[in-house]
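So that you can see what the record holds, here are the features copied from TrEMBL:
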REGION    124-152  region 'Disordered'
COMPBIAS  132-141  compositional bias 'Acidic residues'
REGION    288-349  region 'Disordered'
COMPBIAS  307-316  compositional bias 'Basic and acidic residues'
COMPBIAS  324-339  compositional bias 'Basic and acidic residues'
Amino acid sequence: MAELPGGGARLPELLATGWRLWEEVDAGTEPSSGAPAVQEKVRQGLGALRQAAAMVAELELFSENEELEEVASADLRYLAVPALLGALTLRQVDASRRREHLEAARAHFCRFLQLCRAYGLSAAPPPAAPGAEEEEEEEEKEAGSTGARGPAAQRSLLAMAAGRQAKIERYKQKKELENRLASMRTFVDSGQADEDQIREFYLLQIQKWVNISFEEIESIDHEMVILRNRDAAKQSSAPPHGTARQVRAPLKPFILTRDVVQSKVFGAGYPSLPTMTVNDWYDQRRREEAMHGPSAPQKPSDTADEELQKQQQEKKEEEDDEEALKKARDWDDWKDTHPRGYGNRQNMG
């Protein structure tokens with residue numbers, strides 16, 4: 001049993017703890033992945049697997065320069081440590097560190113796929129990070145590439161076709177792997193399996209995690225694109241740095257008057273603001289009368305004189321109209337009895 005110098009938990013125990021906690025979290029017995037009990041299992045599982053990864057690196061159990069046959073059957077199970085680390089890292093629910101968790105999980109999955117490819121357990125390389133193809137296309141455009149489709153675009157299409165075919169193959173293998181693992185687990189856990197069966201069981205587990213890693217990387221890349229678009233939308237909608245909006249005092253409403261005279265008459269503008277109520281004005285008038293005595297009877301207003309003058313003017317206009325009408329009628333009668341040119345004797349022919 002491998003153990004770090006200086007004591008501590010042994011490697012098989014650390015792997016068994018991390019694997020068990022991952023299976024409990026993946027089973028989904030809790031109503032939510034953000035439940036405290038689930039997050040505590042995630043934290044403990046990550047701690048155990050990180051210690052296991054450090055121990056595997058110190059013991060140098062794996063190398064990309066050796067063949068699969070050189071790896072002991074009992075050590076094959078430790079190949080899945082990076083994949084388990086990536087799976088548990090994705091189960092963390094801290095929204096403020098989501099991008100950090102996605103990047104860390106992707107790095108774990110890629111490390112696992114690189115090891116599997118080095119040992120011939122995976123034919124496809126880890127998927128490129130999102131945005132790499134776009135950067136290559138931009139570089140080709142800047143360099144003056146004039147083809148209908150540059151090398152980067154062609155590689156992108158080939159990668160899409162290969163990825164689709166690989167996804168179909170992984171889907172076909174998924175059920176078969178699960179059935180074979182379920183049938184062999186009993187013999188391995190009970191200790192009745194021989195070395196060949198143990199080796200086959202671990203290789204099947206590794207193949208299962210290869211398929212899971214490709215699926216998780218694809219999901220991570222999609223989520224990263226969504227996060228980048230969301231951040232870009234926030235930056236475009238936010239005001240530029242250093243140009244925060246200044247809070248202005250509300251403007252006092254006012255009314256423009258026609259001219260200076262009207263402004264003096266109405267004061268605040270039309271309609272003018274009342275200075276006293278009707279009752280106040282009545283009380284003021286009553287106090288003035290009490291101080292000065294009853295006021296003398298007012299003279300009749302000049303309104304009657306003005307009305308009389310107006311009636312006389314209208315009557316005069318009516319009389320003038322009748323006289324003008326009589327003259328116009330006489331003129332019409334005269335024209336009826338006297339033809340045009342009557343009385344003109346100076347230009348007789």
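Cβ atoms are placed via backbone N, Cα and C, with glycine included.
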DSSP helix/strand/coil residue counts for the compositional bias 'Basic and acidic residues' (324-339): 14 helix, 0 strand, 2 coil
Tally of DSSP helical, extended and coil residues in the compositional bias 'Basic and acidic residues' (307-316): 10 helix, 0 strand, 0 coil
